[in-house]
Ligand SMILES: NCCCC[C@H](NC(=O)[C@@H](N)CCCCN)C(=O)O
């Protein structure tokens, strides 16, 4: 069609955002769903805590493998084909995870989920860049994260709103997750048609880079970039595996009910859903990004020891974790764009996600093994303490690197992290 219009109507961009975000909702729901059957896996199927950790490790191993070539694939076949393909892989993963009580099959399901989810997140980030570049990209990414984390919130509360399904055992719970996981495919298909329809009528922006890896020039990144990457690795490795073990830990070590355990996990997510976009807007105005990451790292430091030794309400450490989980991601991901030049941004994000997933894989496994070795269970709640110390040590390493980042960024070679948006 000739005479394509240059300006895409605002409503169309937001419709595309919702379609894209549905896929993330489905993917986040499935990622977290196994945490709520972990206790059944241990008590009914005889799985160990190490096996529970492996559910997350398998996801991350697949993510590391697929991230090596997904950028090239997305470049070659485009965002709409990639969204449908990776969305379909995610949806398939839900059913593979649910249909058998065999550990190997369940782990294969988790592997397939990682293989679909992480490139799906890359493809949707690239798609959003095409629609929102030069408009409200930061805010759009914030809303996307809000909807995606909505998936985590819904699964955290699922043992309340879907209690009748929980009463039937772990398998219907996983089939429910698989049903919601169909949103990955559905959202991908809806997005496919929106993008195709729009491209016939409007000039849709071109995202400049996908998150593919190019190891050439890896060592040319500044120290600040590596400080952010290490913070990303330590921070997410202290959050995602903890959330995986948390429902079982809250019940075993603090004697709360299954519903209360889900509620505690959901408070964490609910806080981040709304705080993350707000903090994003605030940081655009005041800058101080390195300082915020430093503050976020201080806040999370005592949390695991409070879980291990504290007698206070569990809402206190959960709230502190929620503040940190809002602050650091809201600031960390956009900060990379200040440190790394635009032509290398895709590689930088891919590298960051890849190292993040290596950290998550290792920690999920390590915590599971540690819990097993120290005999963590409802009859031996002290067995969870060594795992909490490992999380704390990780938090300390994160704090160290956020300090180094702040020091570098307040020096003469800073990249403008401490300045408001637009003043770089
Ligand atoms: N544009 C990148 C935003 C990443 C947000 C981040 N998600 C991840 O890091 C994913 N690689 C892992 C998601 C695992 C499932 N919840 C986030 O903070 O959620």
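The backbone N, Cα and C atoms fix where each Cβ goes, and this holds for glycine too.
Here the domain 'Major facilitator superfamily (MFS) profile' (16-410) returns a mean pLDDT of 91 for the predicted model. Summarising the annotation, TrEMBL assigns domain 'Major facilitator superfamily (MFS) profile' to 16-410.
Within the chain, the transmembrane segment (12-31) has long-range Cβ neighbours (under 8 A, six or more residues past its boundaries) at 59, 83, 87, 90-91, 93-94, 97, 113, 116-117, 120-121, 124, 127-128, 131-132, 135, 140, 143-145, 147-152, 154-155, 177-178, 180-184, 186-188, 190-191, 194-195, 198, 202. Feature annotation from TrEMBL assigns transmembrane segment to 12-31 (among others).
Taken from TrEMBL, the feature transmembrane segment applies to 51-74 (among others).
Residues of the same chain lying 6 or more positions beyond the ends of the transmembrane segment (81-99) and with a Cβ under 8 Å from any Cβ of it are 20, 23, 26-27, 30, 34, 70, 73-74, 105-106, 108-110, 112-113, 115-117, 119-120, 123-124, 127, 171, 174-175, 177-189, 191-192. What TrEMBL lists as transmembrane segment is 81-99 (among others).
If one looks beyond the transmembrane segment (105-129) by at least 6 residues along the same chain, the residues whose Cβ comes under 8 Å of a Cβ in the stretch are 16-17, 20-21, 23-24, 27, 30-31, 34, 54-56, 58-63, 65-67, 70-71, 73-74, 79-80, 82-83, 86-99, 137, 140-141, 144, 184, 188, 191, 195, 205, 207-208, 210-211, 349-350, 353, 357. What TrEMBL records for 105-129 (among others) is transmembrane segment.
Annotation comment: TrEMBL describes 175-194 (among others) as transmembrane segment.
The transmembrane segment annotation in TrEMBL covers 225-246 (among others).
Summarising the annotation, TrEMBL assigns transmembrane segment to 266-283 (among others).
Below 8 angstroms of C-beta separation, residues 228, 231, 235, 238, 242, 249, 253, 279, 283, 316-317, 320-321, 323-325, 327-328, 331-332, 335, 384-385, 388-389, 391-392, 395-396, 398-399, 402-403, 405-406, 408-410, 417-418 of the same chain, each at least six residues beyond the ends of the transmembrane segment (290-309), sit close to that stretch. Annotation source TrEMBL lists transmembrane segment at 290-309 (among others).
Packing against the transmembrane segment (315-340) from elsewhere in the chain are residues 138, 141-142, 145, 221-222, 224-225, 228, 231-232, 235, 239, 264, 267-272, 275-277, 279-280, 283, 289-290, 292-293, 295-297, 299-300, 302-304, 306-307, 348-349, 352, 415-417, 424: each is 6 or more residues past its ends and has a CB under 8 Å from a CB in it. Summarising the annotation, TrEMBL assigns transmembrane segment to 315-340 (among others).
The transmembrane segment annotation in TrEMBL covers 347-367 (among others).
For 387-405 (among others), the entry in TrEMBL reads transmembrane segment. Long-range contacts of the transmembrane segment (387-405) within its own chain (CB-CB distance under 8 A, at least 6 residues past either end) are made by residues 223-224, 227-228, 230-231, 234-235, 237-238, 242, 245, 290, 293-294, 296-298, 300-301, 303-305, 307-308, 363, 366-367, 370-371, 374, 376, 417.
Residues 138-139, 141-143, 145-146, 149-150, 152-153, 156-157, 243, 289, 292, 315, 318-319, 321-323, 325-327, 329-331, 334, 421 of the same chain lie 6 or more positions beyond the ends of the transmembrane segment (266-283) yet place their CB under 8 Å from a CB of it. By the count of Cβ pairs under 8 Å, the stretch nearest in packing to the transmembrane segment (225-246) among 51-74, 175-194, 347-367 is 347-367.
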